[in-house]
Every structure is written in C-alpha cells, then in structure tokens.
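Feature list (source: Swiss-Prot):
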type	residues	note
BINDING	Ile809, Gly810, Ser811, Gly812, His813, Phe814, Gly815, Val816, Val817, Lys832	ATP binding site
DISULFID	Cys586-Cys636	disulfide bond
DISULFID	Cys677-Cys715	disulfide bond
DOMAIN	803-1076	domain 'Protein kinase'
CARBOHYD	Asn132	N-linked glycosylation site
CARBOHYD	Asn226	N-linked glycosylation site
CARBOHYD	Asn261	N-linked glycosylation site
CARBOHYD	Asn387	N-linked glycosylation site
CARBOHYD	Asn433	N-linked glycosylation site
CARBOHYD	Asn572	N-linked glycosylation site
CARBOHYD	Asn603	N-linked glycosylation site
CARBOHYD	Asn625	N-linked glycosylation site
CARBOHYD	Asn633	N-linked glycosylation site
CARBOHYD	Asn645	N-linked glycosylation site
TOPO_DOM	1-735	topological domain 'Extracellular'
TOPO_DOM	757-1083	topological domain 'Cytoplasmic'
Amino acid sequence: MTHRTPNFRRFHLFLPLFLKGMIFLLLHFKFLVIFALELPIISLRPKSDCFLFWKCTTDYRIQKNQKIGKFVELTEGQTLSLQCAYRRGTPKFTYPNFLAERVEQEFSEPLNTDYVRIEDIRESDTGSFSCNSTENPAQSDSIHVFVHKSKIFLPSKSVFSKKDLWNELTVPCKTTKLTESKEIELYADGKLVASQDFDPRHGFRITRKGYAAQPSFFECKFNKKNKTQSVDFIISKNEPIDNEYILFWEDSFPFPHVGYNFSLTCHLVYIEPNGNAPKLGELAFECPQCQSRLDNHLVIEKHHNVGRKRLSSAIHIKNLQLRDAGKYRCIWKKTGKARQEIEHSLHVSPTIAQVRILEQSPSFLKAKAGSGSVKLYAKFAVYPAGNYTVTWRRTYNSIEGPRDEIVEKGLSATFLENSESMEVLDITDLSCNKSGKYLLSINYQDTSETIFWEVAVESDYPDVQLIIREPASFKVFGHQFYLLGTHLNIDCVSTSIPLVDALLEYRKENFKIFTKVSRSFVADGTFERKISYQVVLTENMMLKCRVGNRVALETVHVADEIPNIKFKLASNKSAIYEGDTVKLTCVVPKLAGRCSITWVHRNLSILHSTEVTEHSQLSFLYIRNATTSASGNYTCVLENQASENFSLSTILKVEPIIAPYIVKTGFSAPTGSKLDCNIDGRPPPEYQWFKDGTPYGTGRRLKFFEEDNSGIYQCLATNRAGSATNSFELKTAGRSYGIFVLLAILALGILVILGWKISTKLGWKKNRDLKLLYKSLIGSENFLPNGKNQFSNFNFEFHKDSLEILEPIGSGHFGVVRRGILKGTKTVVAVKSSSYRSSIGFQKVIVEELKLMSAIPKHPNVLALVGAITKNLRHGELYILMEYIDGGNLRDFLQQRRNVFIDELHDNFDENIPLIRPDFNSLSTTDLVGIAHQIANGMEWLGNVPCVHGNLCCRKVLISKTKTIRITDYGVGDRQRKSSSMRWMAPEAIEHQMFSSKSDVWSFGICLYEIFTLGGTPYPTCVTENILKHIKNGSRNLQPEYCPSALYDLMQLCWRAPPQDRPKFSLCSELIEKQLKDLTISF
C-alpha cells in the first residue's frame, strides 16, 4: 500500500491538468489543423515569425507573380476574409488607407491569430495587405488584392508639383487587375517613354535623369483587344494645394432617371502614410437644388472623420427629376476657405431606357494617306440590357455641296462584361477622300445617342483632276470635241488635306508655251478645292491642271458641228420620190493625221467627193434620178491611220410616183368659205383653180373672195406623173334657208348624244387623253420652239421606286416642287409635279416643260434636268427631276442680305476684306456684278438654242450656297398680261403679247435693276395699271444707289423702245465681264 500511494497522488495531481488540456485542444481544433497545414510554409521560411492565411466567399485562389509576389483577383461586391497567425508577440495587421471604417477585425489569443473581414469590397479597396510582428518588424508576410469593376486604373491624385520630384518620380497609374508590362504604356507630352518597367501596385518610376526633358503631362494607356483606357497626370510648376489626399465622387447608380432615388457621395481620402484628416475642415456642396431642398426632395448627409484618414459627405435625392440635372461641386474647405473642389455632371434621363457613353477613341484623328487604317470605337452601356441598333454615317462637304452617306448599319452583337458594349469602325485604305465627320448613332427602345469623330487624312501629294462641264460635246477615236465658240466651264480640282490651290494653264495648237488662265471663283469642300475657269473655245488647245508636280492634262478639239448626215433635195419637198436628185453630206470633225471617208450601201462602196474646212471634213454623195431600189441604209465610214472606224448611218426611202387621181367626184360641200379639190397624187400635185374658165387661185383648198359664189369651178392637179381635173357648178342665188334649219336640228341632236357620251365615258376619255399625252411625250420630235431639235429620244427615265419624295419647297400656278432624294446615289433633287393630277390641261403644261428641258443642253447657269418619271402618266403621275439648288431664289437672297451688304464703290470700303468671299451670308458689289454676269451667260445660252424665256425676273433665278445661279422656268411661263409680271415685261409683250429674245433683253435690264437695289421693286412710284403708259411716255427706272454707271448705261440700252435697238445677250455678257474685271482691278 505504501508503495502505491505516492503514484496515486501523482495521478490525482496530473488528472485536472490533463482534462483542461483536452478541452483546450477540442476548442481550438481548427486552428491546430490550420497550423499543421501551414507548417510546411513556415519551414520554407524559418526566419519568419508570422504567416498569412486568406479565404474568400468564392473559389478564387492565391496566385503568385515574379514581380509582385502573392496576389488575388476579386470582383467588386464580394467578401474578403484574411487570417494572420503568430508564434509569439502581438500581431499587427496593415491594409490600404481606404478601408479603416469598413474593416471587421478580431483577435484570438490562442495561437495569436488576427482576423480581418471586409464585406462588399470595392474597386478602391485595391492594395496590399500585410501581417507584421510587433517584436520584430522585419518579419512579415503580405498579399496584394486586386478588386475590379469596370475601370482598369485606380483613382489617384492627378496634379504633382516639381517639388515632388527629388531622386525619382512615381506616376501612380495603379491597376485593378494584374496586367502584363506590355499592356500598359506611359506617354510624356504625347510621346511614348516607357512600356516595360510597369508595376501594377505602384505605376511607373521615372528617375531624375529620365525627367530631363521636363514633360508637363503624363498619360498611362491600357491597350488590349480593342479595349483602351487611360489616366492623366499633370506636373505643375506651382505648389499644389495639398499633396497628401485625393478627392473623388462615388454615385449609387450609373443610369439615373426620372423617379429614381439617387445618391452621390464625395470622398476625401488621405494617401500619405502619416496623413490624418484635419480637425478643422468640411466638405461642402453646390448643386442645382442644394439651396431649396423642398419637401425633403434633396437631403445632404455629412460624415466627418470616418476613420482616421477619410471624410465623406453624401447627397440623397428622392424621386429624381429633370431639374436635378446639372453640375454638382464638392468643395473641401479648411478654416472657411476653399482648398480644392471636384465637379460631377449629373445627367437625368427622362426615360428608364438609356444609352450611356462610357469611353470613345479620340474625337479628332489625323492620319497619313496610305499609312494603314484608323479605328474609331466607342464603349457604352444600355439600360436595361437588351439589343440595340447602330448606324455609322459619314458627312462631308464636296465641291458640289453637302454629302451624307451610311457607312455601316445593323444590329450590334459586340458585348463586353458588365453589360457594356463596344462598336468599332475600321477605316482602311486611307486616302484624303476618307476624311470627314463620322457619326455613330446608337438607337435603343425610345432613346438614342450620337457620337462624333473628325477624321482628317493628310496627303503629301495632292491629287488633281480636270473636269470640263460642257455636255454639248462628242468623242471621235477617243478625242473630245466641242463646238466652235463654246463657253467651256472648267473645274481644276485638287484633293488634299490641307487644301491647296490648283492652277489651270492652256496651250494652243502649234504652240509650246502654256498660258495661265484667270480663275472665276473658288469652292471648298472637306478635302477638295475647286477653282473654276471660263474659256471661249476658238481653236484646238491643251488644258493643264497643276499642283506642284502633279498634273492632269486634257486635249480639247474644235468642231464646226456635231457629226451627222444631212439630206438636201433638188426640189423643196418633204419626201424623196422617184426621179429626184438627193445630196447626202457626211460631216465629221477634222482630225490630225490622215483619215479616209467611205460611203457604203448594201455592202458596196460608192463614189463620192470630199472637202476639208478649218475644223471639219465633208463628204458628198449624190443620188441622181433616184428609183425605189435606191432606198435603204447609207453609212459614212471614217477610218484613221490606226484602222479604227467611226461611222454614221441614215436611212433613205424613195417613194414611188403616182399620177393625180380624183378621190371624190365633184366638190365637197362648202366648209365655211373654202372648197376642197379632192385630188391626190405622189409627189403631191400642184393645184390651179378656174372659175368660169378664168384662173381663180391655187392650192388644194379654195377661198371665196366674193359674196356671190355662183359659177362653174374647175381644179387642175399636176405632178411629174400626169394631171387630173375635177369640176363642179355652184349655185347661191335664191337659196332656201330650210337646209340651215335642218342642219341646226341635226347639230342639236349630235350635241345631246355627245353630252350623254361624255357624261358616261368621262373616265375613259381622261385615260385616253393621258395615254395620248404619254405617246406625244415619247414620240414627239418637236421639243423646241422654231422646230430646232437637240434630242430625238427621251432618255432621262427613272423608276419611281428609286425616288424618295420629301417636303414641299415651292409651288406655282400649274405645279408644286418638293425636295427629293435619289436612293441609289443619295443625290438631292427638286421634284416638280402637277398641282392637279386629274387635270389634263395642267398635265400638258408639265409635259411641255419636260419636253423643253430635255432638249436644252446643259449650262452652268441654266437649271438642268436630272430625269423624269413618266411611266405612270396614263394614271396622272408625272414627275420632273431637276437640280436641287440650296440657296433659294435670288430676290429673297438679295433682300435678306441688305444689312450685311458691302458697298465697294465708296471710299469707306475696307481694303482688308478679301475680294473673294465664299461665305453665303456675305454680299458685296463684286458679288452683284458676278451674279449679273452669270444671268447674262445663261440667257445668251438660251438665246442660241433658241429658246425665249418670256418671264425673266429675280424670282425665276435660283442661287446656290456657292453663289452660282441657275435660270429656271424658261420657255414655259404663263405669257399673259398679268399684273404680277407687267413690271418686268417689254412694252410689245404687254400690248401685243409679242415675246422674243429682245423682250427677254428688256426683262434682263429689269433684273439688273432688281439686283442693284438688293431685291427692290421696279417702277416703285408707279401703280401697275399705268406701267404701259409710263413706259410709252419714255419713263424708265432711275439708277440704283449701288449700281456702277457703266451697268446703268447697259440697263438703258436694254430698255430701248424699238426691239431691234436692244443689245444681244452676248454683248451684255461682254460689257458686264469688262465691268467685273475693272471692279476687281480697282480694289
């Protein structure tokens, strides 16, 4: 017993200690497990007294990087949990300054473990977390936490002082994700300075030596898979307001809209290691509704010293309204004075559906032609998420006017993370003509956003182009020919950025030296500059458009007339009959080198004679005593030395002759005061009338010249095949009037029947008339007055589906004019149609106008026909497509610029004002003379057609934005003595309705009066009813204030009473051109 007692006592003493130890182990089992798991790590780092555990609410894992060590990547909103365990000593956990008020920290004495937990982690929480031993600060472990939302760069102080730069400067473009060095680039004053030594925890470090160039602006750029972001930093010459904190905004919702409860928080965060929030300071707000705060609509919540290094204040807005939009300023004040402020623009959408632009490539881009490609991109988000449509467009100014074209259109499918999207336009094959304003329109539900870019593609070598705007030309063997005396309108166009002037020169045939041509006006586009010239063609010449060493050449040849074959008969007949002698003349232009002409009929060559004039070659073919076998196709073939052929053909038809024969025995019943011979023949016979054996008259129909027409009448018809006679006795004495009563009854019955037919078949007749009208349009060859015809076929037809008709832009008595767009070419046109589609009379007026316009050759000062839609004319649809002139009519143009008019005739003229003013809103004396010269040129062209305008006035003249005029409504005006037109009409037109080119000259003189009175009314002191009397008394309009004396002398010449004493338009043009040159030289 004595031997066991000591042992039992020892066990009794040890048992309580053993039980306490077991309980301790059970309570801290999990820490032992963790400790056991980390023992290998500790063993790898035997000198470390602490080690770091971490875990997250998701399955993210710890990763390692050679440069930054251990790290983890999280997404904003997740929860971060960290554990720091020590073998001995008191733990110390350090973390980024931003986290002081949101960290849940707990320390457990067993195993010396410190816990850190952060819920709803934010992008701004990115930073390094470290575990340190208080006894041995050198012993530590750390991990870097990246928290990403949408931006790749963390907010940071953006202004640094030169004082900050001592041995080195850190540009703190820290990232929220681990990035590779080559993905981040550093630019100093726009130049790339670093791309390799980037640390995502700190940014770029620049030594004092690297700062030798002393840049003032740094930019960090992130580029990866069409995703680009950047952040800027400024080096200030002045001392910063404060260099230990940053000020930034945080909003609660990226898509604020009407009705939403919105919050906006301003944070002041101290970033220096020893920086503390000051005790005497506050964050103040300025905003659209900050002063009113009605009904608790807007509440400001202030939090001072939230944590040691942070101040925060928030604005809460209930039921957001449009009036809440605007600038919100957060002002950091210390001791009552503002030290720094930051601004936030709040955009409140009226609808829930929104398109928010997040990022875009630079809005102004310059590139070199041929350098590759330019990418335009925009990053944006739509709310709520859904499909949207986008349209890429380009607008630019061409030398002919504004252009708007669709580059790309469709449903987007480019989606990024966080419900964001990106659109990219790759502009390849760079050249100057790819320049302009590019627009991206994003359409989503009932809202849209548009983004703009300016793209300028510069070229070291401008392109040049020579354009001759003269449609009355033709080609033979590739040579361009124009008629002698043609007024050539030549455009010398240079394509480049920046714009440069092109020079036009010409060289006459057999001359070696080029001569410079004086330019008339300049028109600029986005990447084109057009310099226009006018040349009267008198002989063959070579034209050269030149910019430096870049040259465009064009050889212009003169011809007396367009190649053609003419008929000439020995006798004056409209057809060719057996026995006639026919002369065929083939007219072709004179060509350099040796050329031969051959006539071919039924594959056989025919003998002919030739003649050469200064500008033409003529070949004559005579067919004597023609027979019907001579009918057929005759071809004139021109062959050059290269064995190339140019041919013209015509069809000759020889009619057989027929002796005169009686169509109807005896005379037809008298029709009014005429009798018909009723004898026909081929060729048409000559007729001789006899009364009672005495010659009485000629012609097929005989007119009565006596009241008593009784007698025996004979008609003798004779042609080359023979003759025939028809006779009849006419008695008029004692005639009964019963026949007239019978005829009256018969006529009344016919009228009743016709009335019934008209009332029952009105629709049929209208359709028939419209069909006949259409046939007359297609088949008519008498387009022009005086029988002159330019075109035999109507070849301007467009399909109605190719035209989009828009808003009305004008109207007249017979028609209405609307703006339209040709869908294929996006060309803007003016569309004219009848005011009443069901009116045959109105449609006929439009048809006649179309016929005339289609036959008038184009001229830069005469409104040109673009085309027509006639296929549905049978159903009352007829549209004339004309040039669209964007400046309106000349009278309104002049009246609207009276306040800005520059009178260059007086001494107070400012010599610094340029003579050439392309601005459409400006107006000067030189402009007025130039406009008058253009009208004279246009009217001279119409007079040479010939075509009488009949209603010339400034209302009938259109003007473009480049101050080029077009004469309109020519030849189809309502030539009636109307009060609205009498002030412009010549006296013979008012009194006798006599219209001619001379009456147009009178109206041109009135136009000059309108121009130099800036849209004034002619005869301002005379009532309309007395105009004719006023003119006959010798009264004329007085000289306008702004009119040069030489041009008033021209007006008086135009207003001479005898029409033959008035000048031709060619003289008017010449006199005005001289005045224009004198005016230019004088200034």
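Note that Cβ sites are derived from N, Cα and C of the backbone, with glycine treated the same way.
A map of Swiss-Prot features onto the structure.
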residue : record                      : DSSP (3 states)
Asn132  : N-linked glycosylation site : strand
Asn387  : N-linked glycosylation site : coil
Cys586  : disulfide bond              : strand
Asn625  : N-linked glycosylation site : coil
Asn633  : N-linked glycosylation site : strand
Cys677  : disulfide bond              : coil
Cys715  : disulfide bond              : strand
Ile809  : ATP binding site            : strand
Pairwise CA distance, Cys586 (disulfide bond) versus Val817 (ATP binding site), rounded so that it is a whole Å: 44
Proximal residue to Cys715 (disulfide bond) among recorded positions Asn261, Cys636, Gly815, Val817 (C-alpha distance): Cys636
Inter-residue C-alpha distance, Asn603 (N-linked glycosylation site) and Ile809 (ATP binding site) (nearest angstrom): 58
The one of Asn261, Asn387, Asn433, Asn603, Asn645 whose CB sees the fewest other CB atoms within 10 Å, among these glycosylation sites: Asn603
Count of other CB atoms lying within 10 Å of the CB belonging to Gly815 (ATP binding site): 22
Site with most surrounding Cβ atoms, counting all protein chains shown within 10 Å, from the binding-site residues Ile809, Val817: Val817
Collapsed DSSP category at Asn261 (N-linked glycosylation site): coil
Coarse DSSP state, helix versus strand versus coil, of Gly815 (ATP binding site): strand
For Asn625 (N-linked glycosylation site), the number of other Cβ atoms found within 10 Å of its own Cβ: 10
Distance from Asn645 (N-linked glycosylation site) back to Cys677 (disulfide bond), taken between C-alpha atoms, in Å: 52
Most crowded position, judged by CB atoms within 10 A, among Cys636, Cys715 as disulfide-bonded residues: Cys715
For Cys586 (disulfide bond), the number of other Cβ atoms found within 10 Å of its own Cβ: 26
Cα-nearest neighbour of Cys636 (disulfide bond) within the listed recorded positions, Asn387, Asn433, Asn645, Ile809, Gly815: Asn645
Winner by Cβ contact number (other Cβ atoms within 10 Å) across the glycosylation sites Asn132, Asn633: Asn132
Top Cα neighbour of Val817 (ATP binding site) in the set of glycosylation sites Asn132, Asn261, Asn433, Asn645: Asn433
Three-state secondary structure, Asn603 (N-linked glycosylation site) (per DSSP): coil
